[in-house]
Amino acid sequence: MREAEIRRLLAANLLCALSIVLAAVAPAFFLDGFSVLGTHLTWLCVCSVCVATLNIVLHLVLKPNQFPKRRSFAHKISRFLKCCIYFFMSCILFHAIIVLYGAPLIELVTETFLFAVLLSTFTTLQCLCLLGPNIQAWIRVFSKNGAMSIWESSLQITSMCSILGAWFGAFPIPLDWDRPWQVWPISCSLGATFGYMAGLIIAPLWIHWNRKQLTYKSR
């Protein structure tokens, strides 16, 4: 396993983490009264857009997955449309799962959907950038020993950390502390964000630590 590839992964992940920090700080210079807690819906939109844009740009520049065959323009358009549909379906699916786990069904629909968009950005968008609209490849990557590259290992770690972070973020909501960050879905979205950032840092470190044991086989 080349050290240069791990350094590329670390640099890309640090840029993604930096984009989240900038999404929390930079809009305050342009939007009056902006804050992560006070204008949480605005922050959800800004954070999702920043992370999505940077992920797409990084994958276009770094090209972690090289496809040997040249694709026609029509195929690229079809692939792009499929990715858009998959992402939207992921948002709907996450929204439904969140409601099943106790989120308000009718009230706060916008808040719940934007939280679902954030989760889809942290998880599904990465799958689309790295693997494309290929459900079989997604199943392979998230199965035991299914990763074929350090990028796919990083995808596993960051996606799981994001979902676990969102799950742990729900614990304080029913407590009677009356804190502003206990309002739905602030604690869950912050938990998912911190989980995603933790995954971005943990992934390259874990891969570097276990590089001698990791053997990726082509399938």
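Using N, Cα and C of the backbone, Cβ positions are placed for all residues, glycine too.
Features of the protein shown, as given by TrEMBL:
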| type | residues | note |
| --- | --- | --- |
| TRANSMEM | 9-29 | transmembrane segment |
| TRANSMEM | 41-62 | transmembrane segment |
| TRANSMEM | 83-106 | transmembrane segment |
| TRANSMEM | 112-132 | transmembrane segment |
| TRANSMEM | 153-171 | transmembrane segment |
| TRANSMEM | 183-209 | transmembrane segment |
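Residues of the same chain lying 6 or more positions beyond the ends of the transmembrane segment (41-62) and with a Cβ under 8 Å from any Cβ of it are 8, 12, 15-16, 19-20, 22-24, 27, 31, 34-35, 110-111, 114-115, 117-118, 121-122, 125-126, 129-130, 189, 193. Under 8 Å from some Cβ of the transmembrane segment (9-29) lie the Cβ atoms of residues 35-36, 42-43, 46-47, 50-51, 54-55, 58, 62, 150-151, 154, 158, 193, 196-197, 200-201, 203-204, 207, all in the same chain and six or more residues away from its ends. Packing against the transmembrane segment (83-106) from elsewhere in the chain are residues 112-113, 115-117, 119-120, 123-125, 128, 132-133, 170, 184-185: each is 6 or more residues past its ends and has a CB under 8 Å from a CB in it.
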